[in-house]
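Here the structure comes first, spelled out in structure tokens, and everything after it is commentary.
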Amino acid sequence: MKTIVVCSGGLDSVTLAHKVAAEQQLIGLVSFDYGQRHRKELDFAARCASRLSVPHHIIDIAGIGGHLSGSALTDNVEVPDGHYAEETMKATVVPNRNAIMLAIAFGLAAAQKADAVAVAVHGGDHFIYPDCRPGFIEAFQRMQNEALEGYASVKLLAPYVDVSKAAIVVDGEKHGTPFSETWSCYKGGEPHCGRCGTCVERREAFHLAGVPDPTAYEDQDFWKAAISRYSATEVR
């Protein structure tokens, strides 16, 4: 299937891009500038597109993002430290973000006669982000079937929606994903902070996957305390 991957430049979506390149016909990456403080992730998406020799579309929706106020990812709100399973991480929710991005991605796919749009939502996102859950994926597909009826047939691929981030790391290793060429940290500094939810989740995923983590973290050990109250299953 001719597929466009929604790629932020993070570990999950870059791994998905490599997976699609190996298993489908990757025809492009689409990224979104929504005014996120960690905008540097877009540079990593661009590198991925160059590496896989496909076009990279960066869609500027910062004007919209500016109205979706209250999120630590877009506003002058402190990004919380800790595990993703903590209530404080709800500060990182950007309301309706995936619905907005996917609607644009589907329009792009229809215009380019693509067969599918692929998105890297995963099981670890379910607790905090409602637009990463299976119910949302299924409902969005039904909505797009109606929206594009008679014009295009575009499938929403979400191969990681029911698996852990550790499983994504394993899949990334299988497909040769250069993990050092991905960006996760929500604080957007240099290097990864090692303390925000996405840094903790990234560090934990490599540990559970049994794959060496090439990432430099400002705080190398915070993740151990952050995950101590939560259980996870090793994937291999």
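Heads up, the Cβ atoms here are built off N, Cα and C, so glycines get one too.
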Hey, Swiss-Prot has Zn(2+) bound by Cys193, Cys196, Cys199. Any idea which of Cys132, Cys185 it lists too?
Cys185
Cα-Cα, whole number of Å: Ser13 (ATP binding site) versus Cys196 (Zn(2+) binding site)?
19
Write out the long-range same-chain contacts of Cys199 (Zn(2+) binding site), meaning residues 6 or more apart in sequence whose Cβ is under 8 Å from its Cβ.
Ser184, Cys185, Tyr186, His192, Cys193, Tyr217, Trp223
Far apart in sequence but close in space: which same-chain residues, 6 or more away, have a Cβ under 8 Å from Gly9 (ATP binding site)?
Ser31, Lys40, Glu41, Leu42, Asp43, Phe44, Ala45, Ala46, Arg47, Cys48, Thr182, Trp183
Could you name the residues, excluding Cys7, Ser8, Gly9, Gly10, Leu11, Asp12, Ser13, Val14, Thr15, Leu16, Ala17, of the same chain that surround the ATP site, i.e. Cβ within 8 Å of the Cβ centre of those residues, in sequence order?
Val5, Ala45, Cys48, Ala120, Thr182
